[in-house]
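Straight from TrEMBL, here's the annotation block:
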{"type": "TRANSMEM", "residues": "36-56", "note": "transmembrane segment"}
{"type": "REPEAT", "residues": "171-231", "note": "repeat 'Cys-rich GLG1'"}
{"type": "REPEAT", "residues": "389-456", "note": "repeat 'Cys-rich GLG1'"}
{"type": "REPEAT", "residues": "461-520", "note": "repeat 'Cys-rich GLG1'"}
{"type": "REPEAT", "residues": "581-640", "note": "repeat 'Cys-rich GLG1'"}
{"type": "REPEAT", "residues": "648-708", "note": "repeat 'Cys-rich GLG1'"}
{"type": "REPEAT", "residues": "764-831", "note": "repeat 'Cys-rich GLG1'"}
{"type": "REPEAT", "residues": "893-953", "note": "repeat 'Cys-rich GLG1'"}
{"type": "TRANSMEM", "residues": "998-1018", "note": "transmembrane segment"}
Amino acid sequence: MFLQPYKLLSHYILLVAKCCVQLFSTPTDNRSAASLCFGLPIVVSSISLIMDWFWLNPYMHRPLMPMQTKCIKECAAEERGKGYLVSCLVDHRGNITEYQCNQYITKMTSIVFSDYRLICGFMDNCREDINSLHCGSISTGEKDVHSQGEVIACLEKGLVREAEEQPGAHAIRPDCKKAIMRVAELSSDDFHLDRYLYFSCREDRERFCENTPAGEGRVYKCLFNHKFEEAMSEKCREALTTRQKLITQDYKVSYSLAKACKTDLRKYRCSVDTNMPRAREARLSYLLLCLESAVHRGRTVSGECQGEMLDYRRMLMEDFSLSPEIVLHCRGEIELQTLIQEADPGADYRIDRALNEACESVIQTACKHIRNGDPMILSCLMEHLYTEKMVEDCEHRLLELQYFIARDWKLDPILYKKCQGDASRLCHAHGWNETSEMMPPGAIFSCLYRHAYRTEEQGRRLSRDCKVEVQRILHQRALDVKLDPELQRRCMTDLGKWCSEKTESGQELECLQDHLEELVSECRDVVGNLTELASEDIQIETLLMRACEPVIQSHCHEVADNQIDTGDLMECLVQNKHQKEMNDKCAVGVTHFQLVQIKDFRFSYKFKMACKEDVLKLCPNIKKKVDVVLCLSTTVRNDTLQDVKEQRVSVKCRKQLRVEELEMSEDVRLEPELYDSCKQDIGRLCQNVAFGNAQVIECLKENKRQLTQRCHHRVFKLQEVEMMDPELDFQLMRVCKQMIRRFCTEADAKNMLQCLKQNKNSELMDPKCKQMITKRQITQNTDYRLNPVLRKSCKADIPKFCQSILNKATGDSELEGQVVSCLKLKYADQRLSPDCEDQIRVILQESALDYRLDPQLQIHCTDEISRLCPEEAAAQEQTGQVEECLKVNLLKIKVEGCKKEVLNILKESKADIFVDPVLHTACALDIKHQCAAIPPGRGRQMSCLMEALQDKRVRLQPECKKRLQDRIDMWSYAAKVAPAEGFSDLAMQVMTSPSKTYILAMIGLSVCILFLFGLLCGRMTKRLMQEQKDR
């Protein structure tokens, strides 16, 4: 059947000549002569009777003769007469553009790859290995001619077994290894050329890669991406795995990787690094590391190459068996106790007699609903570990058995049954039901739980039944570190160093989390991973869930019932941490988790998912959550202040950022810088105050004058932030929660305090909320920087009138109300801008009702108030009685500073009657009758009342008349003690004086006399000058 007409041979010979011309009319890459060659299937006496250059000469046309020298030169190193010419052409087929020539080479390649005997030199190099590995025979016999592709597949599998040093692996000769890898490399372009894989995956190609064109390794990559799909046939999956393992031995077996990274590999000398061992099984890993190192150093690696690198790094991560070095070096750690494996007590706890006897009472009470001998008995016992129903002896025996079960997933029959398919599909766990199979301890379960929390977008998730079992195991492992093999192995030293005294259940992991920064790197990584996993599904923290059962049932049952937690349950527990159902154990556990979360923003699942892109873009290299929150909130604030069109922080991140800020405001320990700065002050001033509910923060605020400088500065900065954003004031929002709902439902969060202040004196205002509002008003009046509205309204007036105060102040000190007092005096002088005047009027009216809102008065008059006005101060009615008492007893005040402040109050009251609440209350009816048409402010209504007092035709109310007369006496005394400081002050005193008419008349008379005197003197001077001139 192989006999061909001589003309057909001539036709192919001419095509070869054309190929040679086409090939060497384009640049070549001067590669060394190929180690493979192809023979024509023509019947001659020998199979090696194939084309030879000199044999072609008689059939070549004249125009091709000049190209003969170039062709011979390119393939000069090849042996003559054995058909190496076609091999040369295949090596350079990428440069061939002539259609007929290309078609010829493609057909010849397909023919040759169908039968390894047609590969020149392959039989000579691999004959012994073919026979030793029983990979086939030279003659096909009755077998399908295509079965010869299985010979190469058999040799490839033998090469893989040798690389992995599997027991009984045959050592393949070096020449045959090179030939095998060369065949794999040449077939990397088109998957049709790998005959074994082609026939193994024909149906899978149609199923998964129907629209993927052949060539350039595209079909290979498509099949790789679907290797773990349930619909993928086992035979195809096995063939693909073998192909991937060859790629790990030599990157050139991947056409796409070799092509995309060819320039970069040569540029960074990755394939010729003499410092690297020449182990073939590691070459792909070394090359990837070399290119990754170049990227990390800031070198340029093409985007196409980086894409290929990402694909193959993912391939290695998804299937550890593709990395021979991992299988090789971890094999010694894979063995488990033979006795436990053979007995398999996980399937029936009764096999372990000691366990059966120790736990009989627990089974009869806690697990009586489960059939005797059922594997779920062990799971039930684990669920009751560390509960009241568990007995000590059973606890010890159960932990001993679980120690081994945790290290071999097959020993948990329920997990094995539910997850066997997933383990085979996702974790390369073929044949794990055989006890002779050796694998790393915990490797399969680690793989399963990595896939348990994948989203739909990430794909390749566990089946629902398997996920339930994986979560069950995770919940059980959280009970004791000994049940987590990886944690115990990596953290043994740290457990002894930091946690030797932590013997209670769950304390060891909490201890490791508390000392996260001090742990060795490998322990820190595994503890971090567990904490990150728990942040996504807090139900893994079994002990915490037990403690929080009441509050979960009352407030969080909806999110607790979700199959996917995604951090909602922990957020709900935090929000309800102060509900009556919250017990001490749950509150401590929730707070501990919050304290752990501040160590790394990845430990807050919702925050991480909402803000990970913003963190990478705006806050790179920042790890601590509190620093990330500060960085992002600062960015949001700056964008808001600058009125940028588009905020740099995304909307979803801003929403979650607000949640994190509110949670951090609840406990001083959640703000490490504040806590570290004030730890000494907390121990000295707030030692009896419990953490949580912002109680310690409130204690620091109330004792602000006694704080150390460092702590005082931090507290002031905190108050500055809270005044700008009252929603972050946890105590205010908690105490006034109901009042906010009543009065401020439509108010913006930034204006919440302003809204509460406006409704402070409402009859419906809650007394506790009113007291809290007063505290915040006192705080605002101590420093203008704590009153954002005042600061904005008076930004021009403050430097204009109060610059001397600002010059004396240091950046870390508070101004104790000095700037506000300065502005009050300028208000009395009527020199403020309208906006600033409105704000100062409000402050004057509020402080007139409650002396505590005047910091300077409180500082200078504390002793005098205690001596002269004890009853008024004790009443705390906030009706201005304390200020009225000080005014009445002005002559009795001994402290000069206090006397000055009272005089300032009197001066301020002249400018606006509303600043004097006692007088305003007494004269409210008279103002309505006598001064209704006169607008308030600038002393207008006060002047109106004074004129009415002097007018005998007007009859004022007795109380009003008495209060006005008292004010006149006070102002008269004030004028003597504190004379006018300027013309405006003098004018105000004249206008408010009871002798205003007399004074104005005298001033007018004086002016007239001066005018007449000047007029007379001027006439006399003019006459004298005229007389002198006439002389």
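Any Cβ shown, glycine's included, is placed from N, Cα and C.
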Which residue counts does DSSP give the repeat 'Cys-rich GLG1' (171-231) for helix, strand and coil?
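Taking the repeat 'Cys-rich GLG1' (171-231) as a whole: 37 helix, 0 strand, 24 coil.
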Within the repeat 'Cys-rich GLG1' (581-640), how many residues are helix, strand or coil going by DSSP?
47 helix, 0 strand, 13 coil
Quick one: mean pLDDT on the repeat 'Cys-rich GLG1' (581-640)?
89
Based on Cβ pairs under 8 Å, which of the stretches 461-520, 648-708, 764-831, 893-953 lies most in contact with the repeat 'Cys-rich GLG1' (581-640)?
648-708
Could you give the number of helix, strand and coil residues in the repeat 'Cys-rich GLG1' (461-520) as assigned by DSSP?
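Each residue of the repeat 'Cys-rich GLG1' (461-520) counted once, the result is 42 helix, 0 strand, 18 coil.
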